[in-house]
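Peer 1: Here's the feature list from TrEMBL:
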TRANSMEM  51-72  transmembrane segment
TRANSMEM  92-118  transmembrane segment
TRANSMEM  209-229  transmembrane segment
TRANSMEM  249-266  transmembrane segment
TRANSMEM  287-311  transmembrane segment
TRANSMEM  331-351  transmembrane segment
TRANSMEM  358-381  transmembrane segment
TRANSMEM  401-421  transmembrane segment
Amino acid sequence: MWLINGVQSLSQLCSTTILRSTNVALTIICSILVHDLLVHLRPSIGERRASFYAILISLYPVHWFFTFLYYTDIASLTAVLAMYLASLKKRFWVSAILGALAILFRQTNVVWVIFVAANGAIKYAEDFYETKSFPGENEQLIQEENNLLTNKKRTSTFPSLRRRKMNNSANTNKLRSSESSGYSHFHSPGIIIEILDITLKLWSLKWKVLIAFAPYAMILIAFAAFIIWNRGIVLGAKEAHVVSPHFAQLLYFGLVSAAALAPFHFTPHQVAKLCQLFKRNKVLGSFLVFAALGTSCIIVHFFSIAHPYLLADNRHYPFYIWRKVIQAHSTMKYILVPLYVYSWFSIITILGESQKRAWVLSFVLCVALVLIPAPLIEFRYFTIPFFLLILHSPATENSKWLVLGLLYAAVDIFTMAMFLFRPFRWEHEAGVQRFMW
(Lines of atoms letter the chains of each structure in order from A and count residues from 1; the text may use other names and numbers.)
(Lines give C-alpha, C1' and ligand atoms only; values in the text may rest on other atoms or scores of the structure.)
Protein backbone atom coordinates (compact mmCIF):
# COMPACT_ATOMS: atom_id res chain seq x y z
CA MET A 1 0.00 0.00 0.00
CA TRP A 2 2.84 2.39 0.89
CA LEU A 3 4.53 1.62 -2.45
CA ILE A 4 1.30 2.24 -4.38
CA ASN A 5 0.77 5.57 -2.62
CA GLY A 6 4.35 6.50 -3.37
CA VAL A 7 3.90 5.74 -7.08
CA GLN A 8 0.71 7.80 -7.16
CA SER A 9 2.47 10.72 -5.49
CA LEU A 10 5.32 10.47 -8.00
CA SER A 11 2.87 10.54 -10.90
CA GLN A 12 1.27 13.65 -9.44
CA LEU A 13 4.67 15.31 -9.09
CA CYS A 14 5.33 14.54 -12.75
CA SER A 15 2.09 16.08 -13.97
CA THR A 16 2.25 18.54 -16.86
CA THR A 17 1.50 21.50 -14.60
CA ILE A 18 4.19 20.64 -12.05
CA LEU A 19 6.83 19.94 -14.68
CA ARG A 20 6.15 23.20 -16.53
CA SER A 21 6.19 25.14 -13.26
CA THR A 22 9.85 24.16 -12.77
CA ASN A 23 10.76 26.42 -15.68
CA VAL A 24 8.83 29.29 -14.10
CA ALA A 25 10.90 28.87 -10.92
CA LEU A 26 14.11 28.64 -12.96
CA THR A 27 13.17 31.79 -14.87
CA ILE A 28 12.97 33.70 -11.59
CA ILE A 29 16.41 32.38 -10.62
CA CYS A 30 17.68 33.30 -14.09
CA SER A 31 16.44 36.88 -13.69
CA ILE A 32 18.23 37.15 -10.35
CA LEU A 33 21.42 35.90 -12.00
CA VAL A 34 21.04 38.48 -14.79
CA HIS A 35 20.66 41.20 -12.16
CA ASP A 36 23.76 40.04 -10.26
CA LEU A 37 25.78 39.78 -13.47
CA LEU A 38 24.78 43.30 -14.50
CA VAL A 39 25.81 44.64 -11.09
CA HIS A 40 29.13 42.81 -11.30
CA LEU A 41 29.91 43.66 -14.92
CA ARG A 42 28.55 47.22 -14.85
CA PRO A 43 28.56 48.42 -11.23
CA SER A 44 28.03 52.03 -12.31
CA ILE A 45 24.41 51.38 -13.32
CA GLY A 46 23.32 50.71 -9.72
CA GLU A 47 20.93 48.21 -8.18
CA ARG A 48 17.67 49.82 -9.35
CA ARG A 49 18.65 50.09 -12.99
CA ALA A 50 20.10 46.58 -12.91
CA SER A 51 16.73 45.31 -11.63
CA PHE A 52 14.93 47.27 -14.37
CA TYR A 53 17.21 45.88 -17.07
CA ALA A 54 16.92 42.33 -15.70
CA ILE A 55 13.13 42.48 -15.90
CA LEU A 56 13.25 43.73 -19.49
CA ILE A 57 15.81 41.11 -20.51
CA SER A 58 13.59 38.39 -19.03
CA LEU A 59 10.92 39.48 -21.56
CA TYR A 60 13.17 38.49 -24.47
CA PRO A 61 10.52 36.68 -26.60
CA VAL A 62 12.22 33.30 -27.12
CA HIS A 63 13.25 33.06 -23.47
CA TRP A 64 9.86 34.22 -22.19
CA PHE A 65 7.90 31.83 -24.42
CA PHE A 66 9.74 28.71 -23.27
CA THR A 67 9.29 29.72 -19.64
CA PHE A 68 5.86 28.11 -19.85
CA LEU A 69 6.86 24.90 -21.65
CA TYR A 70 8.89 21.94 -20.46
CA TYR A 71 12.06 22.49 -22.47
CA THR A 72 15.64 22.39 -21.20
CA ASP A 73 16.48 25.86 -22.53
CA ILE A 74 15.65 27.76 -19.34
CA ALA A 75 17.60 25.32 -17.16
CA SER A 76 20.51 25.38 -19.60
CA LEU A 77 20.66 29.19 -19.62
CA THR A 78 20.36 29.37 -15.83
CA ALA A 79 23.23 26.92 -15.35
CA VAL A 80 25.48 28.80 -17.81
CA LEU A 81 24.78 32.19 -16.21
CA ALA A 82 25.35 30.77 -12.73
CA MET A 83 28.62 29.24 -13.93
CA TYR A 84 29.71 32.59 -15.38
CA LEU A 85 28.80 34.54 -12.24
CA ALA A 86 30.68 32.10 -10.01
CA SER A 87 33.74 32.43 -12.25
CA LEU A 88 33.60 36.24 -12.12
CA LYS A 89 33.55 35.96 -8.34
CA LYS A 90 36.58 33.62 -8.56
CA ARG A 91 34.72 30.64 -7.13
CA PHE A 92 36.17 28.33 -9.74
CA TRP A 93 35.21 24.99 -8.17
CA VAL A 94 31.57 26.08 -7.90
CA SER A 95 31.73 27.43 -11.44
CA ALA A 96 33.08 24.15 -12.80
CA ILE A 97 30.36 22.13 -11.04
CA LEU A 98 27.71 24.41 -12.53
CA GLY A 99 29.42 23.99 -15.90
CA ALA A 100 29.08 20.22 -15.60
CA LEU A 101 25.38 20.72 -14.82
CA ALA A 102 25.03 22.96 -17.88
CA ILE A 103 26.57 20.25 -20.08
CA LEU A 104 24.04 17.74 -18.73
CA PHE A 105 21.26 20.02 -19.95
CA ARG A 106 22.86 20.58 -23.35
CA GLN A 107 26.10 19.10 -24.62
CA THR A 108 27.08 22.16 -26.65
CA ASN A 109 27.37 24.09 -23.38
CA VAL A 110 30.88 22.64 -23.16
CA VAL A 111 31.82 25.52 -25.47
CA TRP A 112 30.60 28.03 -22.88
CA VAL A 113 32.53 26.17 -20.19
CA ILE A 114 35.66 26.74 -22.30
CA PHE A 115 34.67 30.39 -22.83
CA VAL A 116 34.20 31.01 -19.11
CA ALA A 117 37.41 29.16 -18.19
CA ALA A 118 39.50 30.95 -20.84
CA ASN A 119 38.30 34.44 -19.97
CA GLY A 120 38.51 33.63 -16.27
CA ALA A 121 42.14 32.61 -16.70
CA ILE A 122 42.91 35.80 -18.62
CA LYS A 123 41.29 37.93 -15.91
CA TYR A 124 43.11 35.96 -13.23
CA ALA A 125 46.47 36.72 -14.84
CA GLU A 126 45.65 40.39 -15.44
CA ASP A 127 44.46 40.88 -11.86
CA PHE A 128 47.61 39.22 -10.58
CA TYR A 129 49.83 41.75 -12.37
CA GLU A 130 47.64 44.66 -11.30
CA THR A 131 47.56 43.76 -7.60
CA LYS A 132 50.94 42.08 -7.10
CA SER A 133 54.31 43.65 -7.68
CA PHE A 134 57.25 41.27 -7.91
CA PRO A 135 60.05 43.06 -9.73
CA GLY A 136 61.94 39.90 -10.52
CA GLU A 137 58.96 38.28 -12.17
CA ASN A 138 57.99 41.46 -14.02
CA GLU A 139 61.51 41.88 -15.33
CA GLN A 140 61.57 38.25 -16.44
CA LEU A 141 58.22 38.69 -18.21
CA ILE A 142 59.36 41.86 -19.94
CA GLN A 143 62.60 40.15 -21.01
CA GLU A 144 60.57 37.27 -22.50
CA GLU A 145 58.49 39.80 -24.44
CA ASN A 146 61.62 41.56 -25.68
CA ASN A 147 63.16 38.30 -26.85
CA LEU A 148 60.05 37.42 -28.83
CA LEU A 149 59.51 40.88 -30.22
CA THR A 150 63.09 41.35 -31.42
CA ASN A 151 62.53 38.43 -33.80
CA LYS A 152 59.81 40.47 -35.49
CA LYS A 153 60.01 43.66 -37.46
CA ARG A 154 60.75 46.57 -35.12
CA THR A 155 57.96 49.13 -35.02
CA SER A 156 56.97 51.93 -32.69
CA THR A 157 54.11 49.80 -31.45
CA PHE A 158 56.27 47.35 -29.48
CA PRO A 159 57.77 49.78 -26.97
CA SER A 160 54.24 50.75 -26.02
CA LEU A 161 53.58 47.09 -25.27
CA ARG A 162 56.44 47.00 -22.76
CA ARG A 163 55.36 50.28 -21.19
CA ARG A 164 51.80 49.02 -20.89
CA LYS A 165 52.98 46.11 -18.72
CA MET A 166 53.64 48.51 -15.85
CA ASN A 167 50.49 50.63 -16.24
CA ASN A 168 47.88 50.59 -13.52
CA SER A 169 44.26 49.55 -14.07
CA ALA A 170 43.05 53.11 -14.69
CA ASN A 171 45.47 53.61 -17.54
CA THR A 172 44.55 50.20 -18.95
CA ASN A 173 40.88 51.14 -19.04
CA LYS A 174 41.69 54.44 -20.69
CA LEU A 175 43.78 52.69 -23.33
CA ARG A 176 41.04 50.12 -23.94
CA SER A 177 38.47 52.88 -24.45
CA SER A 178 40.63 54.77 -26.93
CA GLU A 179 41.53 51.65 -28.88
CA SER A 180 37.97 50.38 -29.07
CA SER A 181 36.76 53.57 -30.73
CA GLY A 182 36.97 52.85 -34.41
CA TYR A 183 37.45 49.39 -35.72
CA SER A 184 40.71 48.50 -33.99
CA HIS A 185 39.05 45.21 -33.06
CA PHE A 186 39.42 44.26 -36.73
CA HIS A 187 43.02 45.47 -36.93
CA SER A 188 45.22 42.36 -37.07
CA PRO A 189 48.40 43.86 -35.51
CA GLY A 190 46.39 45.13 -32.52
CA ILE A 191 44.75 41.76 -31.96
CA ILE A 192 48.06 39.90 -32.32
CA ILE A 193 49.81 42.16 -29.82
CA GLU A 194 47.01 41.77 -27.29
CA ILE A 195 46.99 37.99 -27.68
CA LEU A 196 50.78 37.94 -27.31
CA ASP A 197 50.50 40.04 -24.17
CA ILE A 198 47.91 37.65 -22.70
CA THR A 199 49.90 34.57 -23.72
CA LEU A 200 53.05 35.80 -21.99
CA LYS A 201 51.14 36.64 -18.82
CA LEU A 202 49.50 33.22 -18.75
CA TRP A 203 52.78 31.46 -19.47
CA SER A 204 54.58 33.25 -16.66
CA LEU A 205 51.79 32.15 -14.28
CA LYS A 206 51.19 28.76 -15.86
CA TRP A 207 51.37 26.74 -12.64
CA LYS A 208 49.14 29.10 -10.69
CA VAL A 209 46.63 29.15 -13.54
CA LEU A 210 46.68 25.36 -13.94
CA ILE A 211 46.01 24.84 -10.24
CA ALA A 212 43.28 27.48 -10.05
CA PHE A 213 41.49 26.23 -13.17
CA ALA A 214 42.03 22.50 -12.71
CA PRO A 215 38.28 21.96 -12.07
CA TYR A 216 37.46 23.08 -15.61
CA ALA A 217 40.16 20.78 -17.00
CA MET A 218 38.58 17.86 -15.17
CA ILE A 219 35.21 18.66 -16.71
CA LEU A 220 36.69 18.87 -20.20
CA ILE A 221 38.58 15.59 -19.79
CA ALA A 222 35.38 13.88 -18.63
CA PHE A 223 33.50 15.34 -21.60
CA ALA A 224 36.17 14.11 -24.02
CA ALA A 225 35.80 10.62 -22.52
CA PHE A 226 32.03 10.86 -23.02
CA ILE A 227 32.48 11.74 -26.71
CA ILE A 228 34.75 8.75 -27.22
CA TRP A 229 32.33 6.43 -25.41
CA ASN A 230 29.26 7.86 -27.16
CA ARG A 231 31.02 8.06 -30.53
CA GLY A 232 29.88 11.64 -30.93
CA ILE A 233 28.45 14.59 -29.06
CA VAL A 234 24.79 13.93 -29.94
CA LEU A 235 22.40 11.92 -27.77
CA GLY A 236 19.15 10.51 -29.13
CA ALA A 237 18.39 10.84 -32.85
CA LYS A 238 21.97 11.15 -34.09
CA GLU A 239 20.93 10.90 -37.75
CA ALA A 240 18.79 14.02 -37.37
CA HIS A 241 21.59 16.08 -35.79
CA VAL A 242 24.63 15.26 -37.89
CA VAL A 243 27.39 17.83 -37.55
CA SER A 244 27.27 20.03 -40.66
CA PRO A 245 29.21 23.05 -41.99
CA HIS A 246 26.23 25.38 -41.49
CA PHE A 247 28.17 28.67 -41.61
CA ALA A 248 24.99 30.59 -42.40
CA GLN A 249 23.94 30.07 -38.77
CA LEU A 250 26.50 32.70 -37.78
CA LEU A 251 24.89 35.20 -40.14
CA TYR A 252 21.41 34.39 -38.86
CA PHE A 253 22.51 34.90 -35.28
CA GLY A 254 24.00 38.31 -36.06
CA LEU A 255 20.83 39.58 -37.72
CA VAL A 256 18.46 38.07 -35.15
CA SER A 257 20.48 39.45 -32.22
CA ALA A 258 20.80 42.92 -33.73
CA ALA A 259 17.07 42.92 -34.52
CA ALA A 260 16.33 41.81 -30.94
CA LEU A 261 18.30 44.88 -29.83
CA ALA A 262 16.97 47.11 -32.60
CA PRO A 263 16.82 50.35 -30.54
CA PHE A 264 20.61 50.10 -30.14
CA HIS A 265 21.64 48.75 -33.56
CA PHE A 266 19.16 49.89 -36.20
CA THR A 267 19.18 53.61 -35.60
CA PRO A 268 20.45 56.53 -37.72
CA HIS A 269 22.97 57.32 -34.99
CA GLN A 270 24.47 53.82 -35.08
CA VAL A 271 24.62 53.79 -38.89
CA ALA A 272 26.35 57.20 -38.92
CA LYS A 273 28.72 56.00 -36.19
CA LEU A 274 29.80 52.97 -38.21
CA CYS A 275 30.24 55.05 -41.37
CA GLN A 276 32.40 57.54 -39.48
CA LEU A 277 34.55 54.76 -38.05
CA PHE A 278 35.26 53.24 -41.44
CA LYS A 279 36.03 56.66 -42.96
CA ARG A 280 38.98 57.05 -40.59
CA ASN A 281 40.90 54.60 -42.75
CA LYS A 282 39.11 54.26 -46.06
CA VAL A 283 41.46 51.62 -47.45
CA LEU A 284 41.19 49.27 -44.49
CA GLY A 285 37.50 50.06 -44.03
CA SER A 286 36.69 49.31 -47.66
CA PHE A 287 38.69 46.09 -47.53
CA LEU A 288 36.83 44.91 -44.41
CA VAL A 289 33.42 45.71 -45.85
CA PHE A 290 34.03 44.05 -49.22
CA ALA A 291 35.72 41.05 -47.61
CA ALA A 292 32.75 40.60 -45.26
CA LEU A 293 30.25 40.98 -48.11
CA GLY A 294 32.15 38.55 -50.33
CA THR A 295 32.57 35.95 -47.57
CA SER A 296 28.90 36.23 -46.63
CA CYS A 297 27.80 35.73 -50.25
CA ILE A 298 29.92 32.57 -50.44
CA ILE A 299 28.41 31.36 -47.16
CA VAL A 300 24.77 31.87 -48.16
CA HIS A 301 25.41 30.27 -51.54
CA PHE A 302 27.31 27.16 -50.44
CA PHE A 303 26.61 26.77 -46.73
CA SER A 304 22.89 27.46 -46.26
CA ILE A 305 21.38 24.19 -45.07
CA ALA A 306 17.66 23.38 -45.17
CA HIS A 307 17.16 20.66 -42.59
CA PRO A 308 14.24 18.26 -43.27
CA TYR A 309 12.65 19.33 -39.95
CA LEU A 310 12.79 22.97 -41.05
CA LEU A 311 10.99 22.17 -44.31
CA ALA A 312 8.38 19.87 -42.78
CA ASP A 313 7.40 21.30 -39.37
CA ASN A 314 5.01 24.21 -39.89
CA ARG A 315 4.51 24.72 -36.15
CA HIS A 316 7.73 26.69 -35.84
CA TYR A 317 8.29 30.27 -36.99
CA PRO A 318 11.60 29.46 -38.75
CA PHE A 319 9.52 27.38 -41.20
CA TYR A 320 7.71 30.52 -42.33
CA ILE A 321 10.78 32.77 -42.23
CA TRP A 322 12.63 30.30 -44.44
CA ARG A 323 9.79 29.98 -46.96
CA LYS A 324 8.39 33.51 -46.94
CA VAL A 325 11.59 35.52 -46.50
CA ILE A 326 14.85 33.68 -47.20
CA GLN A 327 13.40 31.57 -50.03
CA ALA A 328 10.86 34.13 -51.25
CA HIS A 329 13.01 34.63 -54.36
CA SER A 330 16.24 33.13 -55.64
CA THR A 331 18.04 36.42 -54.98
CA MET A 332 16.57 37.06 -51.54
CA LYS A 333 19.31 35.30 -49.59
CA TYR A 334 21.86 37.55 -51.29
CA ILE A 335 19.78 40.68 -50.68
CA LEU A 336 19.95 39.92 -46.96
CA VAL A 337 23.77 39.80 -46.97
CA PRO A 338 24.28 43.55 -46.30
CA LEU A 339 21.98 43.23 -43.27
CA TYR A 340 24.03 40.29 -41.98
CA VAL A 341 27.27 42.21 -42.41
CA TYR A 342 25.92 45.42 -40.87
CA SER A 343 24.55 43.48 -37.88
CA TRP A 344 27.89 41.87 -37.10
CA PHE A 345 29.86 45.09 -37.53
CA SER A 346 27.41 46.85 -35.22
CA ILE A 347 27.58 44.06 -32.62
CA ILE A 348 31.38 43.97 -32.60
CA THR A 349 31.64 47.75 -32.46
CA ILE A 350 29.27 48.04 -29.49
CA LEU A 351 30.96 45.17 -27.66
CA GLY A 352 34.32 46.80 -28.37
CA GLU A 353 33.31 49.87 -26.40
CA SER A 354 33.49 47.92 -23.15
CA GLN A 355 35.41 44.70 -23.86
CA LYS A 356 38.94 43.91 -24.93
CA ARG A 357 39.61 42.54 -28.39
CA ALA A 358 40.52 39.12 -26.99
CA TRP A 359 37.15 38.89 -25.24
CA VAL A 360 35.25 39.89 -28.38
CA LEU A 361 37.25 37.41 -30.46
CA SER A 362 36.63 34.58 -27.98
CA PHE A 363 32.91 35.38 -27.94
CA VAL A 364 32.64 35.28 -31.74
CA LEU A 365 34.62 32.03 -31.91
CA CYS A 366 32.42 30.38 -29.27
CA VAL A 367 29.24 31.50 -31.03
CA ALA A 368 30.63 29.94 -34.22
CA LEU A 369 31.54 26.69 -32.43
CA VAL A 370 28.05 26.39 -30.97
CA LEU A 371 26.00 27.32 -34.04
CA ILE A 372 27.90 26.29 -37.17
CA PRO A 373 27.78 22.50 -36.53
CA ALA A 374 23.99 22.64 -35.98
CA PRO A 375 22.09 21.85 -39.21
CA LEU A 376 18.71 22.95 -37.86
CA ILE A 377 17.74 26.62 -37.58
CA GLU A 378 16.33 27.11 -34.08
CA PHE A 379 16.00 30.47 -32.34
CA ARG A 380 16.44 28.60 -29.06
CA TYR A 381 20.07 27.95 -29.99
CA PHE A 382 20.69 31.71 -30.01
CA THR A 383 19.50 32.35 -26.44
CA ILE A 384 22.72 31.83 -24.45
CA PRO A 385 25.00 33.86 -26.75
CA PHE A 386 22.31 36.54 -26.96
CA PHE A 387 22.19 36.87 -23.17
CA LEU A 388 25.99 37.12 -23.01
CA LEU A 389 25.83 39.75 -25.74
CA ILE A 390 23.27 41.93 -24.01
CA LEU A 391 24.98 41.58 -20.63
CA HIS A 392 28.23 42.94 -22.07
CA SER A 393 26.74 45.64 -24.29
CA PRO A 394 27.36 49.05 -22.68
CA ALA A 395 23.82 50.27 -23.32
CA THR A 396 22.49 52.59 -20.60
CA GLU A 397 19.92 54.82 -22.34
CA ASN A 398 16.73 54.23 -20.37
CA SER A 399 14.52 55.41 -23.24
CA LYS A 400 15.94 52.75 -25.56
CA TRP A 401 15.56 50.08 -22.89
CA LEU A 402 11.94 51.11 -22.43
CA VAL A 403 11.28 50.88 -26.18
CA LEU A 404 12.96 47.49 -26.18
CA GLY A 405 10.74 46.31 -23.33
CA LEU A 406 7.61 47.46 -25.16
CA LEU A 407 8.71 45.64 -28.32
CA TYR A 408 9.39 42.47 -26.35
CA ALA A 409 5.99 42.69 -24.64
CA ALA A 410 4.23 43.13 -28.00
CA VAL A 411 5.98 40.10 -29.49
CA ASP A 412 5.28 38.06 -26.34
CA ILE A 413 1.58 38.86 -26.51
CA PHE A 414 1.45 37.99 -30.21
CA THR A 415 3.28 34.67 -29.90
CA MET A 416 1.27 33.59 -26.86
CA ALA A 417 -1.99 34.52 -28.58
CA MET A 418 -0.97 32.49 -31.62
CA PHE A 419 -0.09 29.55 -29.40
CA LEU A 420 -3.32 29.63 -27.38
CA PHE A 421 -5.95 30.82 -29.85
CA ARG A 422 -4.77 29.65 -33.27
CA PRO A 423 -4.44 25.87 -32.97
CA PHE A 424 -4.55 23.71 -36.09
CA ARG A 425 -4.45 20.03 -37.06
CA TRP A 426 -2.35 17.87 -39.33
CA GLU A 427 -4.14 15.50 -41.66
CA HIS A 428 -1.59 12.74 -41.17
CA GLU A 429 -1.44 12.95 -37.36
CA ALA A 430 -4.03 13.11 -34.59
CA GLY A 431 -3.98 15.87 -32.02
CA VAL A 432 -3.88 19.65 -31.92
CA GLN A 433 -0.80 21.52 -33.18
CA ARG A 434 0.22 25.00 -32.06
CA PHE A 435 2.49 27.78 -33.34
CA MET A 436 5.73 28.29 -31.41
CA TRP A 437 9.30 29.49 -31.70
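Just so it is clear, glycine is given a Cβ too, placed from its N, Cα and C backbone atoms.
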Peer 1: I'm a bit unsure how to read this: which one of 287-311, 331-351, 358-381 has the highest number of Cβ pairs shorter than 8 Å with the transmembrane segment (249-266)?
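Peer 2: Highest pair count goes to 331-351.
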Peer 1: In the same chain, who gets a Cβ under 8 Å from the transmembrane segment (287-311) while lying at least 6 residues past its ends?
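Peer 2: Same-chain residues near the transmembrane segment (287-311) but 6 or more away: 183, 186, 240, 244-248, 250-251, 278, 318-319, 322, 326, 333-334, 336-338, 340-341, 344-345, 375-377.
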Peer 1: Under 8 Å between C-beta atoms and at least six residues away from its ends: which parts of the chain pack against the transmembrane segment (331-351)?
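Peer 2: Same-chain residues near the transmembrane segment (331-351) but 6 or more away: 183, 185-186, 251-252, 254-255, 257-259, 264-265, 270-271, 273-274, 277, 289, 292-293, 296-297, 300-301, 304, 325, 359-360, 363-364, 389, 392-395.
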Peer 1: Per the definition of 3+ C-beta pairs under 8 A with sequence separation of 6 or more, do the transmembrane segment (51-72) and the transmembrane segment (209-229) touch?
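Peer 2: No, the transmembrane segment (51-72) does not contact the transmembrane segment (209-229).
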Peer 1: Please figure out which one of 209-229, 358-381, 401-421 racks up the most CB pairs under 8 Å against the transmembrane segment (92-118).
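Peer 2: Result: 209-229.
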